[in-house]
Amino acid sequence: MEASKLPCSFAPFPPSTLISRNRTKCHHSLSPGFWNYKDVIVQRLSLIYPSHLPSRNPRMQFIRNSSASVEPLTEDHHIEEKCEEGPTSGNSIRRRFLEFYAAKGHKILPSSSLVPDDPTVLLTIAGMLQFKPIFLGKVPRQVPCATTSQKCIRTNDIENVGRTSRHHTFFEMLGNFSFGDYFKKEAIKWAWELSTIEYGLSAENLWISVYEDDEETYDIWHDEIGVPANRIKKMGEEDNFWTSGSTGPCGPCSEIYYDFHTERGFSNADLNDDTRFIEFYNLVFMQFNKKEDGSLEPLKQKNIDTGMGLERMARILQKVPNNYETDLIFPIIEKAAELASISYALTNDSSRTKLKVIGDHMRAIVYLLSDGVFPSNIGRGYIVRRLIRRAVRTGRLLGIKGDEPGNLEGAFLPIIAQKVIDLSTEIDPDVKTRKTRILEELKREELRFIVTLERGEKLLDEMLDNALEYATLHKTTACLSGKDAFLLYDTYGFPVEITMEEADERGVSVNMSDFDVEMENQRRQSQAAHNTVKLTVENGSDLTQNVPDTEFIGYDTLYSNAVIKGILLGGKPVIEVPEGSEVEVLLDRTPFYAESGGQIGDRGLIKVNGGKTGITAVVEISDVQKSLGNIFVHKGTIKEGSVAVGGEVVAEVDAKLRQRAKVHHTATHLLQAALKKVIGQETSQAGSLVAFERLRFDFNFHRQLLDHELMKVEDLINEWIGDATPLQTEVMRIADAKKAGAIAMFGEKYGEEVRVVNVPGVSMELCGGTHVSNTSEIRGFKIISEQGISSGVRRIEAVAGDAFIEYVSDRDNYMKQLCSTLKVKAEEVPMRVSSLLEELRMTKNEVSAARAKTAVYKASVIAKNAFHVGSSTKIRVLVEFMDDTDADSLKTAAEHLLDVLEDPAAIILGSSPGEEKVSLVAAFSPTVVTMGMQAGKFIGPIAKMCGGGGGGRPNFAQAGGRKPESLSSALEKARTDIVKVLSEKAS
């Protein structure tokens with residue numbers, strides 16, 4: 001297998017991110033002679049045999065002597081001792097990693113969602129992301145140390161997927177983390193034990209890199225672990241010093257490499273030589289804080305952040321030439337090969353690369369869809385849409401047409417996705433429960449894209465025709481612009497290589513310099529769109545470190561005494577603020593609800609208690625937010641007096657507004673329950689807003705709800721409201737809540753204990769929001785709109801409680817005004833409106849007919865202006881301006897002129913039917929079309945001069961624009977061009 005020459009970085013730490021070690025490492029495939037595909041690969045399909053490994057010692061699970069106590073595995077994260085797949089399967093490697101660190105006192109925590117609870121990051125790209133608040137010191141640690149297998153997505157190097165041996169868009173990062181507990185010695189000792197004893201890697205195959213100034217780490221590896229000096233490489237800051245940015249937490253790192261070619265010896269060994277080495281374990285020692293002047297100061301809490309690429313370790317243990325041929329991905333590749341009717345082992349390198357792309361992308365697609373990321377044209381939705389389109393295009397290039405039986409009506413991605421779902425149990429068990437939603441969304445997006453792809457193929461043909469025609473007219477070399485090539489690539493899924501091949505077949509070159517500029521612009525935008533983990537200490541950190549978490553007492557009361565613990569003015573801490581200032585107030589306790597879970601923050605008043613003098617100051621609170629951690633920030637304006645830190649206050653929530661929020665929040669729970677009953681249990685929440693005046697609920701569904709379905713949803717909710725059911729709230733362990741059937745809100749992060757809001761027999765959800773005590777308080781519910789907001793995501797807006805009464809009252813007033821205007825009763829309004837619309841339609845038809853007659857008359861008058869072009873064939877040509885004739889009438893005029901002038905004839909008409917409006921028509925008779933003229937292609941450049949565009953059939957095309965001032969020159973160019981072309985063709 002030929003080694004790839006494309007660069008690649010270690011998957012969990014892409015070089016473009018702030019969590020990287022600011023370097024790019026090259027990882028190529030193994031040398032051509034290392035694996036013989038046709039002789040060996042069939043034997044690799046089983047992938048896992050214990051005999052492939054060096055001999056393994058029995059597992060040594062001992063208790064370390066540190067501050068972390070050994071914690072028995074809970075039922076939530078029970079790990080089976082026996083692995084049916086064998087000791088080197090991907091599932092077994094994952095299990096054994098977690099089990100190993102659990103025996104060292106680590107708490108096994110689940111993978112967080114691919115949609116991170118962090119506004120600075122678009123997708124989860126590293127295992128440490130869920131622990132970022134702890135590393136920043138913003139949130140207290142819940143456990144001294146933890147271990148995870150984290151789902152990750154990265155797309156900044158998507159073009160290298162399948163080309164190198166280890167580039168992926170989806171990967172799993174195995175990690176062990178210490179939050180001020182153990183440090184270098186334990187981290188290094190356990191990493192070595194895991195690698196050599198648990199996984200059975202030969203010590204002779206392992207090399208170590210350390211930061212050149214980190215003698216402590218070097219000594220541990222050399223003196224305590226016993227790694228020979230000639231297999232420890234000291235590397236510089238660029239390679240082995242981890243930074244989170246220009247300032248903030250940082251520290252040296254150490255990496256473990258596997259050597260595939262020990263026979264090459266120690267001389268001149270280069271760890272960046274990817275034909276020989278693979279980095280599989282990274283240990284980051286977070287021990288310094290980098291200050292603005294560049295100096296380093298020791299952190300009060302030293303942390304450990306590690307990452308082991310599961311796919312990389314699977315490749316090593318399963319002895320396959322690349323990550324794709326492990327049991328984590330290869331079954332997906334096999335399914336794609338089966339659909340393409342080819343053999344992975346026997347096909348060429350190009351087809352193998354395409355199969356790898358499909359295998360990789362399908363994992364990313366399925367897990368993104370499972371985590372609620374649906375295709376769209378922005379943000380995360382754009383990423384999953386792009387991956388789907390690349391997979392579809394790649395499959396079609398392999399000959400997978402999606403026309404096999406049982407393929408969900410022409411889509412082939414769902415068939416491959418089923419294999420991903422089958423493999424998902426230990427990665428994310430929720431995937432199987434979301435199977436129907438995943439497959440249906442894939443089917444819809446694929447079928448939608450096939451239509452787009454076919455349009456793209458036609459567009460490419462048109463682009464190449466235009467390039468050739470332009471070259472002929474101007475006697476230049478035919479060239480497709482870089483912008484057009486990028487449009488085909490980005491919008492229609494065409495790899496630029498395919499565009500270049502098809503262009504070359506037509507004798508057209510492609511401007512790759514401009515294409516590269518467009519690609520770089522997109523890459524820059526993609527990386528700017530939260531593709532990095534920002535881990536820096538923010539302004540005001542000293543204040544928030546000194547302010548304790550706010551005690552929230554708002555479930556039980558709307559009034560409380562409190563003490564001001566901090567004040568921010570313009571984002572900066574101050575001691576005292578005068579009247580009229582907009583401030584942020586931090587209290588030790590509060591009845592105010594801070595915005596979260598979709599519910600907006602409370603409003604109300606904070607009154608400074610002056611003791612015997614009474615109230616000395618009043619702050620009107622307009623919003624309440626949570627800072628990183630659990631500090632409530634009360635935002636408002638000082639209406640009276642001055643406010644100072646340490647002051648005793650009375651905090652009062654606006655009771656009426658809180659009630660409106662409670663009503664809408666409980667109504668949102670009822671709405672989700674009703675939707676599941678009416679349109680199916682597969683639908684799930686994709687976002688919400690609980691405000692005082694309305695509620696908004698986003699949910700996953702593939703079509704518009706029908707009127708009778710919306711009515712059924714309303715009827716169910718109002719029935720539940722009428723049942724006057726008391727609500728029950730309880731705090732319980734999250735595992736118990738899920739077992740009881742409680743629904744978790746998408747994107748919300750939950751702790752070990754959760755608050756469960758239960759409407760018995762109707763709804764049970766994990767929710768920290770405020771709710772009514774009885775459904776009867778909601779009084780009434782009304783849906784005011786239902787619409788799509790992105791592919792596969794719908795939105796319902798509704799009102800309840802006081803907002804419901806106001807809505808109904810307003811609509812009643814509107815109806816009374818309408819009845820008065822139309823002079824009919826309410827029940828007669830629909831019939832009267834229908835009658836008026838019919839009268840209006842008839843009037844419009846009469847006006848259109850009159851305009852058409854006028855246009856035909858004008859056309860008859862200007863027909864005499866036609867002139868002849870050509871010598872052997874006399875073609876009648878007419879290019880004229882027709883004043884303010886509208887587009888439809890202009891079309892009628894052109895059709896009339898074709899009949900009057902007879903074949904052969906070519907007609908170009910233009911008009912300005914309104915302010916900033918241009919209409920154009922090109923009509924060619926059959927003989928003109930047979931000469932190679934196409935109306936649609938001819939009119940396009942003319943319309944561009946008028947600030948617009950258009951097209952149509954070869955014989956007839958319409959276009960528009962918005963620059964009437966350019967119409968005269970555009971028609972003049974049309975006259976010149978058509979005379980020139982027809983003169984040549986008709987001579």
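Quick reminder: no glycine exception, Cβ is built from N, Cα and C everywhere.
What TrEMBL annotates here:
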- H665, H669, C767, H771: Zn(2+) binding site (BINDING)
- 88-810: domain 'Alanyl-transfer RNA synthetases family profile' (DOMAIN)
Item to check | Cβ-centroid neighbourhood (8 Å) of the Zn(2+) site, H665, H669, C767, H771 excluded | outcome: K662, T666, T668, V690, V757, E765, G769, T770
Checklist entry - Which of H665, H669, H771 (the binding-site residues) has the most other Cβ atoms within 10 Å? => result H669
Next on the checklist: Around the C-beta of C767 (Zn(2+) binding site), how many further C-beta atoms are within 10 angstroms, looking at every protein chain?
Outcome noted: 27
Item to check | Mean predicted confidence [pLDDT] for the domain 'Alanyl-transfer RNA synthetases family profile' (88-810) | outcome: 88
